[in-house]
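Working notes, beginning with the structure itself.
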Amino acid sequence: MRARPQVCEALLFALALHTGVCYGIKWLALSKTPAALALNQTQHCKQLEGLVSAQVQLCRSNLELMRTIVHAARGAMKACRRAFADMRWNCSSIELAPNYLLDLERGTRESAFVYALSAATISHTIARACTSGDLPGCSCGPVPGEPPGPGNRWGGCADNLSYGLLMGAKFSDAPMKVKKTGSQANKLMRLHNSEVGRQALRASLETKCKCHGVSGSCSIRTCWKGLQELQDVAADLKTRYLSATKVVHRPMGTRKHLVPKDLDIRPVKDSELVYLQSSPDFCMKNEKVGSHGTQDRQCNKTSNGSDSCDLMCCGRGYNPYTDRVVERCHCKYHWCCYVTCRRCERTVERYVCK
């Protein structure tokens, strides 16, 4: 007796959700770690959700790092939601960690972005924690070897990018290095995209300066190397998401490599995000493919971008509604030195997709 197609489809869907295909970003479930869990004893490591055994071991040997990694998980989720707030796929499924839907379980363009962002975020958060003195195992970054420029001097406390990259990669890449978890093609794709995220973070390191001098003359400036804000790194990765390359796992010499599907005469660039499977249009709700749909999503009637009602609503139309907004108004500056404002209320028209 042959199984019905619907039964087979349901079984395959359930299997995809429980085979550990997406172990690499299950650690983002640390965002749900309760504040009551102090994370000051090694036995706490086993209580953390979404970790593979190698990450549990890293937790035990670097216990002081775990509170920072919890902050990184929360930061990655927030940055993803902000970066894609104006898109059909709005990264809401990242909050289902560790039990993702197929938009992040499979080798999609969306999972490529999340792997890159999570790798960048954990390294960014650790590097900044070193600078702020929150981690006993690290301190400020090294003084650069190049000259600081005329009128400048190196000083301050640089973000410790090298330590952030080292510990971030150890933790976030650990699941992809576990044997018998997912296909080799998926592992290669996820490791590649994670490295793209770290590359974007390296590119965000810039010289920051503070002026010194009499009456603000800025006769000398103290400078240091600092990372851009995480949202700027996320914006860079979103640009790479929009131009991501579809790849296939193909033999080249004695081993298989990821090569562009349509341009397989050239290797994959180190700077580009790659994906193995095409995504749906995310117009209609369909959990089998990880789509939440865009019904009831807010859209912008006057925009020509991805948040426009035409694009966001997929041609289904939209419904208007009115909203009351309370804001500061009639502000006055008083000498010296404060501002007083009144509170004004106005009505605005908004639109949601049918």
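We count from 1, first residue shown onward.
Cβ coordinates come from backbone N, Cα and C, glycine included.
Residues or ranges marked as disulfide bond by Swiss-Prot: Cys80-Cys91 (among others). Look at Cys91 (disulfide bond): DSSP puts it in coil.
As annotated by Swiss-Prot, disulfide bond applies to Cys130-Cys138 (among others). DSSP assigns Cys130 (disulfide bond) to a helix in the three-state reduction. Non-local neighbourhood of Cys130 (disulfide bond): Cys138, Ser139, Cys140, Gly141, Asp159, Asn160, Tyr163, Gly164, each in the same chain, at least six residues away, with C-beta under 8 Å from its C-beta.
Counting only same-chain residues at least 6 apart in sequence, those with a Cβ under 8 Å from the Cβ of Cys157 (disulfide bond) are Thr131, Ser139, Cys140, Gly141, Trp224. Under the DSSP three-state reduction, Cys157 (disulfide bond) is assigned to coil, being neither helix nor strand. Taken from Swiss-Prot, the feature disulfide bond applies to Cys140-Cys157 (among others).
The disulfide bond feature in Swiss-Prot is assigned to Cys209-Cys223 (among others). In this view, Cys209 (disulfide bond) is surrounded by 19 other Cβ atoms within 10 Å of its Cβ, with every protein chain counted.
Shown in sequence order, Cys211, His212 are the residues of the chain, 6+ apart in sequence, with a C-beta less than 8 angstroms from the C-beta of Cys218 (disulfide bond). According to Swiss-Prot, the disulfide bond annotation covers Cys211-Cys218 (among others).
When secondary structure is read from DSSP and collapsed to three states, Cys314 (disulfide bond) falls in the coil class. Among the features that Swiss-Prot reports, disulfide bond is placed at Cys283-Cys314 (among others).
Residues or ranges marked as disulfide bond by Swiss-Prot on the basis of similarity to another entry: Cys299-Cys309 (among others). Taken residue by residue with DSSP, Cys299 (disulfide bond) is part of a strand.
The Cβ of Cys313 (disulfide bond) has 21 other Cβ atoms within 10 Å, all protein chains considered. Feature annotation from Swiss-Prot assigns disulfide bond to Cys313-Cys353 (among others).
Under the heading disulfide bond, Swiss-Prot lists Cys329-Cys344 (among others). Note: Cys344 (disulfide bond) has non-local neighbours Val326, Glu327, Arg328, Cys329, His330, i.e. same-chain residues 6+ apart with C-beta under 8 A of its own C-beta.
DSSP assigns Cys331 (disulfide bond) to a strand segment in the three-state reduction. Contacts of Cys331 (disulfide bond) defined by a Cβ separation under 8 A and a same-chain sequence distance of 6+ are given as Val339, Thr340, Cys341, Arg342, in order along the sequence. According to Swiss-Prot, the feature disulfide bond maps to Cys331-Cys341 (among others).
Look at Swiss-Prot and you will find Cys336-Cys337 (among others) tagged as disulfide bond, backed by similarity to another entry. In this chain, none of the residues that are 6 or more apart from Cys336 (disulfide bond) has a CB less than 8 Å from its CB.
Within 10 Å of the C-beta atom of Asn40 (N-linked glycosylation site) sit 10 other C-beta atoms, taking all shown protein chains into account. If you look up Swiss-Prot, you'll see Asn40 (among others) marked as N-linked glycosylation site, on the strength of sequence analysis.
Around Asn90 (N-linked glycosylation site), taking its Cβ as the centre, 19 other Cβ atoms fall within 10 Å, counting all chains. Taken from Swiss-Prot, the feature N-linked glycosylation site covers Asn90 (among others), and the record attributes it to sequence analysis.
Taken from Swiss-Prot, the feature N-linked glycosylation site applies to Asn160 (among others), supported by sequence analysis.
The Cβ of Asn300 (N-linked glycosylation site) has Asp86, Asp307, Ser308, Cys309, Met312, Tyr351 as same-chain neighbours under 8 Å, each 6 or more residues away in sequence. Positions annotated as N-linked glycosylation site by Swiss-Prot, on the basis of sequence analysis: Asn300 (among others).
The number of other CB atoms found within 10 A of the CB of Asn304 (N-linked glycosylation site), across every protein chain shown, is 9. Taken from Swiss-Prot, the feature N-linked glycosylation site applies to Asn304 (among others).
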Measure from the Cα of Cys314 (disulfide bond) to the Cα of every one of the recorded positions Asn40, Cys299, Asn304, Cys337, Cys353, then give the nearest. Cys353
Using DSSP and collapsing to three states, where does Cys223 (disulfide bond) fall: helix, strand or coil? strand
Whole-number Å distance between the CA of Cys80 (disulfide bond) and the CA of Cys337 (disulfide bond)? 39
Between the disulfide-bonded residues Cys309, Cys337, Cys341, whose Cβ has more other Cβ atoms within 10 Å than any of the rest? Cys309
